[in-house]
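K.L.:
Dropping the structure in here first, questions after.
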Amino acid sequence: MKVYKAQLIKTVYKIEDLPPPDKKEIAFAGRSNVGKSSFLNAILGIKIAKVSSTPGKTRSINYYLVNDKYYFVDLPGYGFASVSKQEKERWNVLMNEYFKTRFSLSAVSLLIDHRHMPQKLDYAMVEWLKDLGTPFLFILTKSDKLTKSEKAKLFEDIKRSFSTYGEYIYMPFSSKTKEGLKEVLKTIGEILGDND
């Protein structure tokens, strides 16, 4: 898949504000500070998502219209401790409603920091997606910060840690070096049925 056009078309804080489900969409989820905004900028080819050094900056569901025919959906980062209980509850309700009602959702790309083993909330997200029957794949971000041997070892360790849930696609990725960019876009294209 080639991205030749991308624009932020909607920022959603309430489930009733979601755009109509008239296009296939792929969502991107991950812990706060996993590099989701940098990842989106890399795959979209333009600086469209705000990159922040403060984790948990994305507090809304952000809809990007890609090539005028697909939605790339940036979900709020999970696991950031310094937001209020009320805000966390709002996020939970929003996410729950989104996953349960969004029939145009083709798959979720779950971003995991390649440098670290998955945490409790990552496993909780996998269990949740499995229970809902939502297809998902793993993108291992910040791969450029590892040596070749560290990368290989952690790749296998992370894969093994999720193996009890089933067989999934795992792709190392670096927003800095663009490692994995072609593979990620190819996989997203296959999921969306786009052969460009």
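Just so you know, glycine gets a Cβ as well, placed from its N, Cα and C.
Grabbed the feature section from Swiss-Prot, which reads as follows:
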- 30-37, 56-60, 74-77, 141-144, 173-175: GTP binding site (BINDING)
- S37, T58: Mg(2+) binding site (BINDING)
- 22-194: domain 'EngB-type G' (DOMAIN)
K.L.:
Give me the mean pLDDT over the domain 'EngB-type G' (22-194), rounded to a whole number.
P.N.:
89
K.L.:
Looking at Cβ-Cβ distances, which residues of the chain lie under 8 angstroms from G30 (GTP binding site) while being 6 or more apart from it?
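P.N.:
Spatial neighbours, sequence-distant, of G30 (GTP binding site): K36, G77, Y78, L110, L111, I112, T141.
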K.L.:
Is K36 (GTP binding site) helix, strand or coil when read with DSSP?
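P.N.:
For K36 (GTP binding site) - judged by DSSP and reduced to three states - the answer is helix.
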K.L.:
Quick one, of the binding-site residues K36, K142, which Cβ has the fewest other Cβ within 10 Å?
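P.N.:
K142, out of the binding-site residues K36, K142, has the fewest neighbouring Cβ atoms within 10 Å.
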K.L.:
May I ask you to report the DSSP-based helix, strand or coil state of G30 (GTP binding site)?
P.N.:
strand
K.L.:
Taking every protein chain in this structure into account, which of the binding-site residues N33, S37, S60 has the most other Cβ atoms within 10 Å of its Cβ?
P.N.:
S37
K.L.:
Please report the Cα separation of S37 (Mg(2+) binding site) and P76 (GTP binding site) in Å, rounded to an integer.
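P.N.:
Between the Cα atoms of S37 (Mg(2+) binding site) and P76 (GTP binding site), the distance comes to 10 Å.
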K.L.:
Measuring CB to CB from F173 (GTP binding site), give everything in the same chain under 8 Å that is also at least six residues away in sequence.
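P.N.:
Sequence-distant Cβ neighbours: F39, A42, H114, I139, L140, T141, S143, E179, G180, L181, V184.
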